[in-house]
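Visitor: Take this structure, written in structure tokens, and hold onto it; I'll ask about it next.
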Amino acid sequence: MASVTLKNVCKAYGDVLISKNVDLEIQEGEFVVFVGPSGCGKSTLLRCIAGLEDITSGDLYIGEQRMNDVEPSKRGVGMVFQSYALYPHLNLYDNMSFGLKLSKADKSEIKKRVDHAAEILQLSHLLDRQPKALSGGQRQRVAIGRTLVSQPNVFLLDEPLSNLDAALRVQMRSEITKLQRKLGCTMIYVTHDQVEAMTMADKIVVLDAGFVSQVGKPLELYHYPQNRFVAGFIGSPKMNFMSVFIEGVEKDRVQVQLSNGTTFWIPVDGTTVTRGERMSLGIRPEHLVEAEHGDAKIEGKVMIVEKLGNETQVYMNLKGSDSDVIYRQPDTLDVETGDTLTIGIPAHRCHLFHSDGRACRRLHKEKGVDLPA
């Protein structure tokens with residue numbers, strides 16, 4: 001195990017800056033997920049840590065050693081790619097031991113490591129088979145096993161589940177999480193899927209256009225996003241946003257006016273808010289409530305209803321507004337397309353964002369997570 005530290009790291013291809021002034025500390029044994037949309041620089045950053053890409057400026061440390069100029073093979077990292085990259089003519093044992101054989105490791109040591117990795121990954125009964133005889137999930141476990149036998153200080157995984165179907169992705173993400181907990185290893189995992197990030201990580205790093213937008217525990221990012229980008233990216237379905245007018249401001253609350261004229265107070269830090277300002281109110285679909293239980297009411301025409309059995313998702317167009325809202329309830333709702341529906345907004349679950357995307361600090365304490373300072 002080893003820690004990983006990035007200090008003001010930048011990566012450019014010619015004049016195009018991909019990773020921008022990244023400062024990050026990853027502790028020994030921590031499971032960290034880099035997440036963000038396509039093109040945000042998450043895989044590039046991972047490849048810089050692995051040594052597959054040169055760092056343009058800044059410093060990378062693994063443990064106490066500066067790694068900028070150290071060869072990839074000497075960094076003590078193991079990488080699992082999106083592609084399994086297995087040798088089709090070799091059986092599982094030979095695929096997993098290939099790197100150790102190249103390094104001329106002792107045969108008994110090779111067997112010991114491969115057998116141990118196969119036992120952990122539940123592949124012991126498949127070691128004599130070739131990759132073509134395996135399922136996608138089994139092939140991915142072999143790719144992980146090949147990295148595991150090298151006993152790296154840091155595991156790097158670049159979207160390893162992208163080639164799997166939905167059901168297998170759910171199974172494999174739990175297996176990878178259990179493996180990381182069992183080994184206690186430092187693991188950095190790249191994905192564009194925020195559900196993977198929320199369910200697997202000790203700490204999430206959200207990247208936006210090469211910048212680190214926010215770093216924190218999953219529930220910190222969910223309940224206390226620092227900006228509108230993180231608020232909209234974390235959570236599924238994504239957060240609802242609607243334009244509001246600021247009617248009143250106090251130190252620990254802000255009064256907003258909705259497009260339908262309704263006003264109510266939101267418990268957020270008001271020290272950065274100006275009366276008369278236009279801001280953006282955010283509320284998650286699962287935090288909307290029945291009309292009688294809200295501090296404010298909104299009405300809209302039902303456009304789409306998704307009845308999933310365990311929950312219902314209703315897509316609405318708000319009356320007197322161009323805004324669309326998603327309403328999510330853990331039950332089957334008696335509502336159909338074309339209906340008019342009135343729902344409630346609970347003030348303590350609201351988020352408030354400035355025009356530049358900065359969030360006002362929420363003052364409501366959510367369960368399972370500390371209030372940000």
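Cβ coordinates are placed from backbone N, Cα and C, and glycine is handled just like the others.
Pulled these from Swiss-Prot:
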type	residues	note
DOMAIN	4-234	domain 'ABC transporter'
BINDING	GLY36, PRO37, SER38, GLY39, CYS40, GLY41, LYS42, SER43	ATP binding site
Visitor: In sequence order, what residues of the same chain, 6+ apart, have a Cβ less than 8 Å from the Cβ of LYS42 (ATP binding site)?
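Guide: Sequence-distant Cβ neighbours: PHE34, VAL35, GLY36, VAL190, HIS192, LEU207.
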Visitor: Identify all same-chain residues not among GLY36, PRO37, SER38, GLY39, CYS40, GLY41, LYS42, SER43 whose C-beta atom falls within 8 angstroms of the centroid of the ATP site's C-beta atoms; report them in sequence order.
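Guide: Close Cβ neighbours, site residues excluded: HIS192, LEU207.
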Visitor: In the structure shown, with every protein chain counted, which of the binding-site residues SER38, SER43 has the densest set of Cβ atoms within 10 angstroms of its Cβ?
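Guide: Compared across SER38, SER43, the most Cβ atoms within 10 Å surround SER43.
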Visitor: State the count of C-beta atoms found within 10 angstroms of the C-beta of GLY36 (ATP binding site), not counting that atom itself.
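Guide: Result for GLY36 (ATP binding site): 27 other Cβ atoms within 10 Å.
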Visitor: Mind telling me which of the binding-site residues PRO37, GLY39, GLY41 has the densest Cβ neighbourhood, counting other Cβ atoms within 10 Å?
Guide: GLY41
Visitor: For CYS40 (ATP binding site), write down the residues of its own chain that are at least 6 apart in sequence and whose Cβ falls under 8 Å from its Cβ; none is a fine answer.
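Guide: Long-range Cβ contacts: LEU207, ASP208, ALA209, GLY210.
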